[in-house]
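I have placed the structure first, in the form of structure tokens, so that the comments after it can refer back to it.
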Amino acid sequence: MDLRDFYLLAALIACLRLDSAIAQELIYTIREELPENVPIGNIPKDLNISHINAATGTSASLVYRLVSKAGDAPLVKVSSNTGEIFTTSNRIDREKLCAGASYAEENECFFELEVVILPNDFFRLIKIKIIVKDTNDNAPMFPSPVINISIPENTLINSRFPIPSATDPDTGFNGVQHYELLNGQSVFGLDIVETPEGEKWPQLIVQQNLDREQKDTYVMKIKVEDGGTPQKSSTAILQVTVSDVNDNRPVFKESQVEVHIPENAPVGTSVIQLHATDADIGSNAEIRYIFGAQVAPATKRFFALNNTTGLITVQRSLDREETAIHKVTVLASDGSSTPARATVTINVTDVNDNPPNIDLRYIISPINGTVYLSEKDPINTKIALITVSDKDTDVNGKVICFIEREVPFHLKAVYDNQYLLETSSLLDYEGTKEFSFKIVASDSGKPSLNQTALVRVKLEDENDNPPIFSQPVIELSVSENNRRGLYLTTISATDEDSGKNADIVYQLGPNASFFDLDRKTGVLTASRVFDREEQERFIFTVTARDNGTPPLQSQAAVIVTVLDENDNSPKFTHNHFQFFVSENLPKYSTVGVITVTDADAGENKAVTLSILNDNENFVLDPYSGVIKSNVSFDREQQSSYTFDVKAVDGGQPPRSSTAKVTINIMDVNDNSPVVIYPPSNTSFKLVPLSAIPGSVVAEVFAVDIDTGMNAELKYTIVSGNNKGLFRIDPVTGNITLEEKPTPNDVGLHRLVVNISDLGYPKSLHTLVLVFLYVNDTAGNASYIYDLIRRTMETPLDRNIGDSSQPYQNEDYLTIMIAIVAGAMVVIVVIFVTVLVRCRHASRFKAAQRSKQGAEWMSPNQENKQNKKKKRKKRKSPKSSLLNFVTIEESKPDDAVHEPINGTISLPAELEEQSIGRFDWGTAPPTTFKPNSPDLAKHYKSASPQSAFHLKPDTPVSVKKHHVIQELPLDNTFVGDHFSASECSSQGGFKTKGPLHTRQVNEHFYWSISTAYKCPINQY
């Protein structure tokens, strides 16, 4: 007996000697498709395992470990502490687990696993068999959704035709149980034939005579059901075609045939020759052989069927271990719809063509295929569980297992085909540091086939020295805006151990996301670009850890300081600064502050400011950012100033940025309302006696070139409406009739209208005179004009009808007669006068237009010049309650007009109220009412204008704000409300009192000379 035979005999004896103390077996039964964490069993409870050490009497902590192959997805898991077995998230599918095998209801589908119990003192190997019971999770299915059957038309009643059977991956009662024909139309029925193997074959029964000429096609549904709970089913369309007669079908000599063929049969080997006969002759006797619909596609790949001869041959290499039995259904058809059926069972016999398989599953996890043991590990330390198997059967599948050479390890049999690899003696690191040996598995076939598995074991030294850093604190600096991967330093540590215990790996601690550290070399690099403005200093730890078991480690602190670079431009707090100042702000006042920041440090953040494009209107402090005015503001001249400011830092090279600055001038109430309508202080409106209450009889319209509330106007009647006959709208200025006029109201009414703005803190005012003539007609305009002229003798705070009624004709009839008689004379005089003046008309009109344009169309320049002149202020006596206006009328050539002298007393509350001229050049277009005429466009002076002569106590400008606004005596407008006229007037009008202007109040006399040469027009 040689040495090899001796080893084989020893291994065989060891395999037969099972240690029942350490090898036990459990069997559990579960259903497939269970959810995760479903308990299956409890190992210590089911095996009655005690946690008490019999030798010492002390309690031990047992560890239960599932032995699994690397990369496998375990179907169950074992609690390491309690030994309980649970399902995992991996789905247990019985049909997938036992695919390729034919399992009847009584056959079991199962899988096996091994669990070891540690430590070595309590070591046991538990082999667990888990039987998976079927659940009804698959519905039976027909081989095709549409089943076509051809039936001859001469088929007898109760004839039967096979229908392809349905298949169900489930087993037992969960498999196919029942067929049902739907919509059989009373022509067809269904019968079920059960085979000896338990298969149910549906057959179609003809219940009525068929006539293809009447109906050649029948479409029905066939339903198949399983017996599971819940029950599952499916349907297929059954289409029956009625064909012409072929009254003899083929017949097989044997309908059930069983053959055997070795799995190593070469391609082309004949399996069986099928033979069928047909009693017909001619074409009806020509038989064609085909596989039935129930033949699996995998079977068709292994075997070929000659359609003419019926010979079945091998067309692909067979493998008994893959499929041991093939069932083939062959149909013999002569062209009719009822082929003959034969079932061939092909048994593939085994040959020794598979070497044994060694399944090596480590209990001690290997590293790169090598098991590492410590030299202090005890004898019988478990290293791996070895399972040997052979796909062959009988003698070919009998396997023995052994170690090839002498090593301090041995195999311990725990089951017929399983072994434990253990240490057989104490290990010595100094003697041998590494072992490499083979485990051999050999079967008993002729010839014998072998398989080997290589095992590598390395011994480890003890680890008792931690790594030591050369510096406990490492400080370094780096400039910001670095490149990624910049080398910073090399960190190193030493370890006094040897081998892998001295192999050091380096690892960054927390707060080190900006750095990369080579685990082996200790090279520290920058993984990101540093920005000092975000973080100026990084403090983190570096750990040096050896590869010992357990590993030892130490730490060092690293401090990285980021140095600044000029990489940030100055940043304004706003891209556009908006400041608001009052227009009366003194020169050199502070109007705003520009704020700018720079995220850099040192000289790189020192910022200097400057103005780019301001024309020296403002002064900017380059360091504090304070903006001061270099001009006096007047919102009516310029409402805002816009310029750019630039910020430059002190870096090298310097960086800069710009921002926009807007100084908005806020309005101050420094402009009085300016009257636009009525066009003159001597025009009038006719109010007929037929006018109804509520109708508009006149309107007053003024504008204020200020803005906001300073330009909001309010209209009030302050005098001349003691009867309450009229009412003025405070917003629109429309004068309406409050009640219907009576004959007692006939005559001239003078309304003093006060126009005030809503300015803050002081409101400015303007007065205007509105004359309303109440009468049915206004035929004698000269008479009305004479009444208006005579009203100037009445103070403004008194009604013109209060002093002896000089303006209303007491004897109205007498006046009307005189008017009619005088009208004839006037017509003659006018006719003569017109003839005399026709020659001079053109020159006179041109002179008046030039004068009016100078006085009314462009008053703004003089006003601005007058504002700059210094005036001498004079206070009016506090005891003076009334202002007096002296009216002087120059003597015209006509003797009828005589000078009228008188005084007009103003009420005390109207002191310092004024009317100013409207500046057509500066008034914003939005000041006018939407329904007002464009006075700047349409105003034309076609009539001679009044000559205004100012007589101040001290030299003053001609254009000022006055108590009563200077309005032309007559105007011509383009529109329907006014008619052209040619009038000239000369007269005098004086008043003395304080007048309100924009800046100062002054005392002066002023007069208006007027001479009338034609009747005035109504406005």
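Every residue gets a Cβ built from N, Cα and C, even glycine.
Computed from a predicted structure; not experimentally measured.
Taken from TrEMBL, the feature signal peptide covers 1-23.
The domain 'Cadherin' annotation in TrEMBL covers 33-142 (among others).
On the 0 to 100 pLDDT scale, the model's mean across the domain 'Cadherin' (143-252) is 87. Marked as domain 'Cadherin' by TrEMBL: 143-252 (among others).
The feature domain 'Cadherin' is assigned by TrEMBL to 253-358 (among others).
What TrEMBL records for 365-469 (among others) is domain 'Cadherin'.
If you look up TrEMBL, you'll see 470-572 (among others) marked as domain 'Cadherin'. Broken down with DSSP, the domain 'Cadherin' (470-572) shows 4 helix, 48 strand, 51 coil.
What TrEMBL records for 573-675 (among others) is domain 'Cadherin'.
The feature domain 'Cadherin' is assigned by TrEMBL to 687-784 (among others).
Sequence annotations record features per position, and here TrEMBL assigns transmembrane segment to 812-836. Listed by sequence, the residues of this chain that lie at least six past the ends of the transmembrane segment (812-836) yet keep a Cβ under 8 A from its Cβ atoms are 746, 779-780, 782-783, 1014.
Look at TrEMBL and you will find 849-882 tagged as region 'Disordered'.
The compositional bias 'Basic residues' annotation in TrEMBL covers 866-877.
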The DSSP breakdown of the domain 'Cadherin' (687-784) into helix, strand and coil residues is 11 helix, 43 strand, 44 coil
